[in-house]
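Trainee: The transmembrane segment annotation in TrEMBL covers A:35-56, A:63-81, A:87-104, A:111-129, A:161-180, A:212-235, A:247-271, A:283-306.
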Amino acid sequence: MFRHTFLRYAVLALLAAAALLRALTAGYFGLEILAEILILAILVLALDMVAGFGGMVSLCHGALMGLGAYAYGVLCVHAGLAPLPALAGAIALTGAVAWAIGAICARAHGIFFIMATLAFGQMAYSWVFETPLLGGDDGLGGIPRPDLSLLGIDLSDSRSFVLFCLAATALAYGAAVLVLRSGLGRSLGGVMHNEQRMRALGLTVWRVKADVFGLSGMLAGLAGALAAMQVMYISPGLLAWTTSGEALVVVILGGLGTLVGPLVGAAAFVTLKHGLSGVTSHWHLVVGLILIAVVMSRANGLFGWLEARWGARLDRRLADATREDTPREATNDA
Amino acid sequence: MLETRDLTKSFGAMQVTRGVSLRLERGERRVILGPNGAGKTTLFNLLAGELAPDSGAVLLAGEDITALPVARRARRGLSRSYQKNTLFDGLSVEENLGLAAAVHCGQGMRLWGDSLARPEVREIVAEVAEMVQLVPHLHARVSEVSYGVRRQLEVGVALATRPSVLLMDEPTSGVGPEMARGFHRLLADLPRSLTLLIIEHDMDLAFDVADTITVLNYGEVVFDGLPEAARGSRLLQEIYMGDWSDA
Ligand SMILES: Nc1ncnc2c1ncn2[C@@H]1O[C@H](COP(=O)(O)OP(=O)(O)O)[C@@H](O)[C@H]1O
Ligand SMILES: [Mg+2]
């Protein structure tokens, strides 16, 4: 189950403030980078939900994101739905597909689970390529952004769109926290720790996995729809397994099972990518070296490292400060 | 309440359960004795559904449950604890009980709100904590409590699903004789409506709680009857020489 700590709140507030500041002040290119970070942030939140809190390391989240993008695109372009209902439809559809994948893969563990999800991702990838309705190789263009003129918001403006993405990321984070703190989230924690025992207690383990995978898929679908809106075009490359791999790298880089860590990871990853790609074409190499360093350090990612150093200490300080009236000696004497 | 008919199970060429037929009445407290490797744990795995028998049947409350998966058996009121602790280490004692109680209350899939805050879940947690004397430890993490307390919690977690039949695999394994005796007194105080099947390695301890005793040896039931009869049995003394003379 997910718990907020002082450190998590602090880093979250810091991230939110930085994103808001950038959203209000950055120029066009900065806004594009920020939108990319926020969309990736939603995807890695979705992935951390299943991988970090359920031990379900998925290599199909990129494909789910792509599916969300295509669903949104097709519902807008071919079905003539308004963007907002299309967005809802895309989220629901991606969630349903993810639920089915989760249900089928629920009995697989470890490397077999990873391979099974990879297979589903690759199936979606090749299906998209071969479906004329989706534009095949050429992708799908002319994707609209939602019309929020009723609220006085024009999403064709980059700044407004980035703020829209920021709101979506905040919602996604809130949803992930709610799910992980619910009865379902608690069961998921139990399943990750000892699946056999949870079963012996009467829990239908595959349903727990499928439900969480489905909910995670809904977030991936949201990320995909936002990605489609951002560039107003969908390329089948979005479904490639490398998207999933990259998301996994970001989650591990940030800190598996911390939710906040992957957000840090997303910001660091995209910033690094754009910062380095101007200097060297080997930016993947640098990211790879950093990943190796993080993994070898045996810390749980960048945020996990921070948590191990400061998390407990900060919480203890805070607890002591709020509990000043009860004398500490009394407990020490016992 | 719980019945097995001619259960058999082999691992490769080794027959570990040989034609075991048992019958427990409702509220009965039966202790299963037998040396290491006699197939006691394997029998529990067959009863709980974690292993499928090669042949034979398991009946719960008169219904054949041989084909039911583990979780469905549990929901029908068959609960078990393990010989080796299977606790949720990062969680508190209270959360461990709550997790089990939540599943029992149908809160394990709940999407809205924390299952452990539900009144019906809290009620079970309080009740079970009382039963297995975990009240002083409720807020401690599993990693912070002693091994003996963890053994109590292992049984507590199984109890938190409000079972009608409880299988306990060596609940006192690894704890000192003094604590084991206390644990048995605690088992004696469990509600009489609960049907108990307890694997116990220590023969002397077995007599504390048992209404009836079953002895397994090489996967076979070699004794089935009252504790008094068990005490006098020559066969049993032979099988159990070590523990017998210790007692
Ligand atoms: N899953 C398994 N695979 C192979 N052999 C097993 C397995 N489980 C138990 N055994 C063997 O079956 C025999 C009985 O084991 P067990 O039921 O654990 O005995 P007990 O609980 O009475 O000590 C032992 O010889 C053990 O090695
Ligand atoms: Mg055993």
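Quick reminder: no glycine exception, Cβ is built from N, Cα and C everywhere.
TrEMBL annotations: computationally assigned, not manually curated.
Give me the lay of the land around each of these features.
Mentor: Within the chain, the transmembrane segment (A:35-56) has long-range Cβ neighbours (under 8 A, six or more residues past its boundaries) at 1-2, 19, 62, 64-65, 102, 105, 113, 117, 158, 161-162, 165-166, 168-169, 172-173, 176, 179-180, 185, 188-189, 191-192, 209, 212-213, 215-220, 222-223, 226-227, 230, 247-248, 250-251, 254, 256-259, 261-263, 265-267, 269-271.
Remote same-chain residues near the transmembrane segment (A:111-129) are listed as 56-64, 66-67, 70, 101, 104-105, 136-137, 236, 239-241, 244 (criterion: CB distance under 8 Å, separation of at least six residues from the stretch ends).
Distant neighbours of the transmembrane segment (A:161-180): 1-2, 4, 12, 16, 19-20, 23, 31, 34-35, 38-39, 41-42, 45-46, 48-49, 53, 145-146, 148, 153, 155, 188, 212, 215, 219, 222-223, 226, 229-230, 259, 263; these residues of the same chain sit at least 6 beyond its ends, with a Cβ under 8 Å from one of its Cβ atoms.
Nonlocal intrachain contacts for the transmembrane segment (A:212-235), taken as residues 6+ away from its ends with a CB within less than 8 angstroms of a stretch CB, comprise 32, 35-36, 38-40, 42-43, 45-47, 49-50, 53-54, 56, 58, 61, 64-73, 83, 86-87, 90-99, 101-103, 105, 135, 139-146, 155, 161, 165, 168, 172, 175-176, 179, 184-185, 188.
Below 8 angstroms of C-beta separation, residues 7, 11, 249, 251-258, 260-261, 264-265, 268-269, 272-273, 276-277 of the same chain, each at least six residues beyond the ends of the transmembrane segment (A:283-306), sit close to that stretch.
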Trainee: What parts of the chain pack near the transmembrane segment (A:247-271), using Cβ distances under 8 Å and only residues at least 6 beyond its ends?
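Mentor: Apart from its flanks, the transmembrane segment (A:247-271) reaches 2, 8, 11-12, 15, 18, 33, 36-37, 40-41, 43-45, 47-48, 51-53, 57, 59, 61-62, 173, 176-177, 180, 287, 290-291, 294-295, 300-305, 307.
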